[in-house]
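Remarks on the structure that follows.
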Amino acid sequence: MPELRTGVRRRGRPLTTTVDPPRNTRRATRGRPIAEANRVTNRAAAAAARKPRTRAAAAAEAEEEKKKKQERNPVVEEAVKVDLEGPVEIKEVGVVLGGGGEGGEGVQIGEEKKMADDSGGLSANKAGAQEDEGSTTPFPEKVQVGGSPVYKVERKLGKGGFGQVFVGRRVTGGSERATGSGALEVALKFEHRSSKGCNYGPPYEWQVYSNLGGSHGVPKVHYKGRQGEYYVMVMDMLGPSLWDKWNASGQAMSSEMVACIAVESISILEKMHSKGYVHGDVKPENFLLGQPSTAQEKKLFLVDLGLATKWRDTGSNQHVDYDQRPDVFRGTVRYASVHAHLGRTASRRDDLESLAYTLIFLHRGRLPWQGYQGDNKSFLVCKKKMATSPEMLCCFCPPPFRQFLEIVVNMKFDEEPNYSKLISLFEGLIGPNPATRPINTEGAQKIIYQVGQKRGRLTIEEEDDGQPKKKVRLGVPATQWISVYNAKLPMKQRYHYNVADARLAQHVERGNEDGLLISCVASCSNLWALIMDAGTNFTSQVYELSPFFLHKEWIMEQWEKNYYISSIAGSNNGSSLVVMSKGTPYTQQSYKVSDSFPFKWINKKWREGFHVTSMATAGSRWGIVMSRNAGFNDQVVELDFLYPSEGIHRRWDNGYRITATAATWDQAALILSVPKRKPGDETQETLRTSAFPSQHVKEKWAKNLYLASVCYGRTVS
Ligand SMILES: Nc1ncnc2c1ncn2[C@@H]1O[C@H](COP(=O)(O)OP(=O)(O)OP(=O)(O)O)[C@@H](O)[C@H]1O
């Protein structure tokens, strides 16, 4: 039975201060010893932290809060955009419930568009720009900007989402040299002033070219300025793109050709990264060779810096902060990294993952996620990327392709790539004589040489720190319970799981009789899990089991009576369990049911002062409840096709704690929040188990850790 656990413990210190336990104690780990050790160390501190707040003080505070709440006049916002399904028959499932003592009910049943095939398509964030740019404004016949010579605008070299590139022929003077400010022919990149990239003046790309232009593998920009309706950049003219070359060579390139491209492009990215930038749109169309029949015809360049971002802050020299905004996608769907699909802040690993897809595409001629169409294309492509193992993806490529892919998809957000090691992976596929190679590999040789001078060549198997790395993307997809535990003052908590519809009422009633109210609900295989607490602070509670996900009329009725949704669960058959309570701090509530994770809606609601307070899934649909006055200062989302371990740890380090969880068969989502009133002991632990963690819960109780959230769905083990 796979079991993964991880935890973080912090108490009573300002959220901005980061004093972390040793790193290995916070990583997701198999087995218990590490977590146990961590808990022991922190327990004394947690106990000390609890002392100052007596029970009497806590009761007084609670009374005060209660008074305040009574004074509030709740404004009930109607559920928006509810997408209801017709009634679903609830099938009763025979479950043998074992007698449960205090604190747990034992149950002994087994638990257990078509994307244009001619191109990777336009880069996102640029696609919309085409119509509003120069279609109505003719391009000038001649160009002179920023003190440049006069150029006659000749044939078109290419077109992207923002810009159009033409040959500029120098009208007077100039030399026959292929490149340089005096060249007879240059490339002129035009961007219309009304294009999306020029909202605030000159294109953002100009600034990036100022910092990177002319460095290894980036063409030099000689002049720039505005002429009429257009911003114009005068740059070195280059030759065909790798896309053109791939097409010209029968839509597949030899392994030697691709290996040369690999090593040289890694060296170009190394240079770009060393200057603090991530390219953000690595793909065959953006790699250009030098002009044919010139000394540069075998030299590789990386163009289109319009999506480049900084991975390192210029002022502090620190790595930029991690974040995830699942509605933000930058890049080109076919080659984008999975992190880019999921809206994570771009970092060096993303360029390398896109490069891996680029290389495999050039060699194999196709990627398995080509051919998806429609609104959720990005979701489907990302799902396919996650579901395609490196072995499968690289089955027609020599081993270095798979090795490269495995390394880059398993990199951490702020990990420094080992460029020389990545280059050396491909060396065996390249001929010994640099002069006869199809692509100039000077940049790569320099890196290998420099490293060789410093510490000798690294071998493929060697890990930098001698430690085998945890392969985050290569785990076996699993469907598991995700349970979250918070430190609390001792209280009574009871759980039930594998509860059939017909047995629900009796558990709730018995709990109520014992002074317990429902704090959390979840579902697995159309059976319910129920957590009941003595410490909910709710004053009364109602619940409904409904064939709908979610039952709007009933919810609105309860809203009228000043009940607020305090927890929800949905089952695979589309039914739902909604619990509504009085005594919550909420002043307004809204919910949404959606076929995909509704981050845009969440984001809009955040801006209106709402926070996610409950979340559930029914099959592949998401139900999200957001409330005003939820007691949070800030909130973030972690969404992934596997359990987002790295994101959770980064958020924990910044003072966030998990406050809601839900998962479909495909994705797991966690909501993490910064509470307005910090608990005395901020300890939080998570567990992933294939069976409901009945035994673990009891162990946690013994340590004053109580189930705070639980869901069943996609993880990775
Ligand atoms: N210096 C150059 N020399 C020759 N051709 C060039 C040069 N720069 C760009 N091109 C051609 O013009 C095309 C579009 O350029 P670029 O990618 O910079 O534009 P973009 O609008 O930013 O594109 P995208 O939508 O792909 O991001 C390139 O794919 C390439 O074919």
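Using N, Cα and C of the backbone, Cβ positions are placed for all residues, glycine too.
TrEMBL has this to say about the protein:
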{"type": "BINDING", "residues": "LYS189", "note": "ATP binding site"}
{"type": "COMPBIAS", "residues": "35-60", "note": "compositional bias 'Low complexity'"}
{"type": "COMPBIAS", "residues": "64-78", "note": "compositional bias 'Basic and acidic residues'"}
{"type": "DOMAIN", "residues": "151-449", "note": "domain 'Protein kinase'"}
{"type": "REGION", "residues": "1-78", "note": "region 'Disordered'"}
{"type": "REGION", "residues": "116-143", "note": "region 'Disordered'"}
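In the predicted model, the domain 'Protein kinase' (151-449) shows an average pLDDT of 94. According to its DSSP assignment, the residue listed as 'ATP binding site' is in a strand.
Around the Cβ of the residue listed as 'ATP binding site', the same chain contributes GLY163, GLN164, VAL165, VAL232, MET233, MET235, each under 8 angstroms and 6 or more positions distant in sequence.
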